[in-house]
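Per Swiss-Prot, these features apply:
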- Tyr108: active site (ACT_SITE)
- Asp70, Glu101, His104: Fe cation 1 binding site (BINDING)
- Glu101, Glu164, Glu198, His201: Fe cation 2 binding site (BINDING)
Amino acid sequence: MEELLIENSHRFTIFPIQHPECWNWYKKLESLTWTAQEVDMCKDIDDWEAMPKSQREFYKQILAFFVVADEIVIENLLTNFMREIKVKEVLYFYTMQAAQECVHSEAYSIQVKTLIPDEKEQQRIFSGIEKHPIIKKMAQWVRQWMDPTKNSLGERLVGFAAVEGILFQNHFVAIQFLKEQNIMPGLVSYNEFISRDEGVHCSFACFLISNYVYNIPEERIIHKILKEAVELVDEFINYAFDKARGRVPGFSKEMLFQYIRYFTDNLCFMMQCKSIYKVGNPFPQMTKFFLNEVEKTNFFELRPTQYQNCVKDDAFAFKLFLNDDDF
């Protein structure tokens with residue numbers, strides 16, 4: 001029986017802390033708290049309209065993936081991990097992660113509503129799991145490895161790390177290249193905050209695998225899960241580049257193929273496994289971002305002095321209540 005799944009009938013409160021390392025992970029995640037309305041996307045609208053159509057198509061595919069992916073992550077946390085795991089410090093982490101994933105999901109919805117005014121096109125993106133075969137395939141793969149009736153806790157944690165790491169990482173990289181072009185500051189800011197959060201989520205899964213999981217999956221199983229994730233990313237990249245007619249400034253799909261393999265080898269190291277691909281980093285100029293080392297001070301520098309929202313939709317409008325008279 002896994003320690004993480006054993007009920008302690010004598011423990012009702014979080015204090016005294018019994019698992020200090022897990023508690024430190026929770027406090028780290030707590031320190032990164034932000035809200036979806038704290039990013040100003042007003043300048044992004046003009047940048048988006050000035051962007052070549054092929055480039056916009058590429059980033060639309062990424063947004064279509066993200067609006068689906070975070071919902072599936074939330075689903076796994078609420079229906080599986082948060083019901084099964086009994087170690088309070090770990091449960092606190094996953095409770096905080098679920099809240100963060102809700103912020104991420106809202107943020108991606110705001111991005112779609114801000115950049116894409118046409119409601120039919122918005123709906124096509126929000127329905128990505130139905131409209132894009134590769135996104136549906138990725139969602140099915142995630143649910144397959146998150147199924148507690150078919151996979152051990154260790155296998156599911158490996159799959160979860162692959163989702164938070166491998167499936168998301170190339171999309172983070174692609175958006176971050178917009179910063180080098182000095183465009184889309186709001187989208188880039190969202191990307192930095194979300195990728196930083198996801199980096200902690202992924203690292204925590206690896207920490208649990210290495211330090212708490214008793215029945216650690218065999219290396220061949222870990223490699224199988226990670227390689228399947230890489231193959232899905234390859235398929236998505238090909239699909240997105242086809243939509244963009246092969247033209248995306250800043251990088252080629254071959255560079256993204258190489259990067260995701262470089263990242264996967266680092267994930268292997270974090271899980272104390274042998275590397276699979278043994279390739280170098282094709283984007284050395286962005287190493288700091290790839291290591292999820294966005295400076296925390298930048299988070300506060302990027303916050304607007306007033307909450308702003310460029311979405312022309314009452315359902316997405318944000319109101320800051322200043323006093324009781326506003327209620």
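Glycine too: its Cβ is placed from the backbone N, Cα and C atoms.
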Quick one: which of these recorded positions, Tyr108, Glu164, His201, have their CA within 10 A of Asp70 (Fe cation 1 binding site)?
Tyr108, Glu164
Please report the number of other Cβ atoms within 10 Å of the Cβ of the residue listed as 'active site'.
25
Cα separation, Glu198 (Fe cation 2 binding site) to His104 (Fe cation 1 binding site) (Å, whole number):
10
What's the CA to CA span in angstrom from His201 (Fe cation 2 binding site) over to Glu101 (Fe cation 1 binding site)?
10
Taking the mean position of the Cβ atoms of Asp70, Glu101, His104 as the Fe cation 1 site, which residues outside that list, in the same chain, have a Cβ no more than 8 Å away, listed in sequence order?
Ala69, Glu71, Val73, Ile74, Gln100, Cys102, Val103, Ser105, Ala107, Tyr108, Ile194
Provide, as an integer number of angstrom, the distance between the C-alpha atoms of the residue listed as 'active site' and Glu164 (Fe cation 2 binding site).
16
For the recorded Fe cation 2 site, enumerate neighbouring residues of the same chain (Cβ within 8 Å of the Cβ centroid of Glu101, Glu164, Glu198, His201, site residues themselves excluded), in sequence order.
Val73, Gln97, Gln100, His104, Val163, Phe168, Asp197, Val200, Cys202
